[in-house]
Amino acid sequence: MHKRTVLHAAVAAALLSTAGLAGAQQAPFKIGLILPMTGQQATTGRQIEAAAKLWMAQNGDTVAGRKIELIVKDDTSLPDVTRRLAQELVVNEKVDVLAGMGITPSAMATAPIATQSKTPLVVMAAATSSITEASPFIVRTSFTLPQVSVALADWAPRNGIKNVVTLVTDYGPGLDAEKFFKSRFEFNGGKVPESLRVPLRNPDFAPFLQKVRDLKPDALFVFVPSGAGAAVMKQFGERGMDKAGIKLIATGDVTDDDQLNDMGDVALGVVSSHHYSAAHPSAANKKFVEAFQKANKAMRPNFMAVGGYDGMRVIYEALKKTGGKGGGQALVDAMKGQIFESPRGPVFIDAQTRDIVQNVYLRKVEKKDGQLWNAEFDVIKDVKDPGKSK
Amino acid sequence: MLTILFDGIAYGMLLFILALGLAVTMGLMNFINLAHGAFAMVGGYITVLLMQKAGVPFLLCLPLAFLGSALLGGVLERTLYRPLYRKPHLDQVLFSIGLTFMAVAAVDYFVGSTQQILHLPDWLRGRTELGEGAWTLGMGHYRLFIIAVCAALTIVLQAVLTRTRFGARLRASVDDQRVAAGLGINVNVVFLSTFAFGSGLAGLGGALGAEVLGLDPAFPLKYMIYFLIVVAVGGTSSITGPLCAALLLGIADVAGKYYIPKMGAFIVYTLMIVILVWRPQGLFVRQGGKA
């Protein structure tokens, strides 16, 4: 039964590529956006959908004579559902581009479908380094964890932090963050006396934080999924670790713009490194944040939103470049090497890795007009994903 | 080291209060209620929403969380649970786990899936340190508060179960419903109030735990396994059993994660297996009755 479905898919996909050429000019250009709209990762889906719709509202829904049609599907962040939806979108809806992908396993599950059907897959959220290597049709507009962790590992030793304990959640992105932070930090002359891994379903951070306190490092490096970040910060403060002279440094997931305001004053002063902050001081970003908040009842855009927004731009530009013709390989080729000014700053889609090259900013949580923001104070320019240096 | 012990006790106490209601329904009423965590989640959300939307002070939220979940528990007992008392355990398990999934989806729909963040009053936030060097005892005020609340509750509960007329009626109803009814005990009312009380305890546990454990719609599924371990290890025929089990597991979990972080997550399970091999009925078993 299952084999047959796959076979159907393959046949239909083959038909699609020939049929697509014949009637290309008139048919709408379909983008299949697969996102977690419910469940644990629902905020990711909400942010990206809002950003994609904002892009379409600002830039029109016709590109090079073709009408753009956005089909949003909810995969509830279950990879097998993502895979099934991607298959349906490719076979039944005959989408020209797949996009979205809230978590790494979803992107990995969809990669073979992109390869087989020669459909470009624009990854707007998932951030494990190896994703773009899973298919030659994957283009990423979000970020990678090695990218942001390495930037922090470069910044810390230059600012008097020589001894760091790492604390990550024990799953793909966490291990990426730990590995790349540690190796770069040690390369820069720093010391990592202990690397702690917290189970994904961890009830209480107390033992880990107490361990860190007793080890007395200069700083604690944290990567946890954004929801758990607030709990770590709170307990960090309550344990009096800042008073014991330990700094908290983290990747930007921990001080996610979407939730930062709810975290309250415990977040103040936390130093993080990330590719996007809603407080990024550029005209393009001000415009983006304003329009986003206007369209979405004062919801603040976060790094997920900017990944979705830029993903739409990459698709639009690629379609323009092919003169409205589309076609899988042509679209991917047109996406490679795009350089543009994103709300996060200048970015570049690396032609070799199809991954994004961007500035990584160092930010500190500050209070402005009664709200908390990730205020940028330093930048490391044009960071290429270090996960693909070989 | 003392700090670790302290954190472990606080965490164990929290597990105890969360699991206690389950021990009551499962042990005393012989009903497998896997939806127990859902009542805890309701308590947590009542607290968070009251604090965020209505600005109710934290201390007032705790009894409200208890009452809210107790009320919900009472209503559900009357409408959904009662017909299932005489059904096989498998039916009860399937029913209550279905209820859990519905609760998860409902909270997701109405409140959203993001992690809820509690803002504690300042006097609960600090930390006191005693002693020097290796014998430093650092006590977070909130954890101290948890220990105090749980200890008080344990004493009251133990007294209610063993010393009062209601306790005697409950024990009689559990041991033999027909004889108890023949003696003029209204078994339905006893069960209804016991179930509501158990749900209320879960709600209180959820309200207290939201700060330490975090609160999102997946709460009942995330912690179900911990409640079940506490009840399985402690046995279900008294409240001393679950109390000892929760403390043991809390301390073992915290100490394990502190001293051997790489193994830490498995210590609880190892301990559970060892205890259950040694005493399959749980740590403490009441003599007589149907344990």
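Heads up, the Cβ atoms here are built off N, Cα and C, so glycines get one too.
All annotation found in TrEMBL is predicted automatically rather than curated by experts.
If you look up TrEMBL, you'll see B:6-24, B:57-81, B:93-111, B:142-162, B:183-204, B:224-252, B:259-278 marked as transmembrane segment.
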Chain residues in Cβ proximity to the transmembrane segment (B:93-111) (below 8 Å; excluding those fewer than six residues from its ends, i.e. six or more beyond)
32-38, 41-42, 45, 49, 76, 80, 84, 217-218, 220-221, 224
Positions on the same chain near the transmembrane segment (B:57-81), where near means CB under 8 A and six or more residues out:
31, 33, 39-40, 42-44, 46-47, 50-51, 95, 99, 118, 120-121, 124, 149, 191-193, 195-204, 206-208
The transmembrane segment (B:183-204) in contact with the transmembrane segment (B:6-24), cutoff 8 A, at least 3 CB pairs, sep 6+:
yes
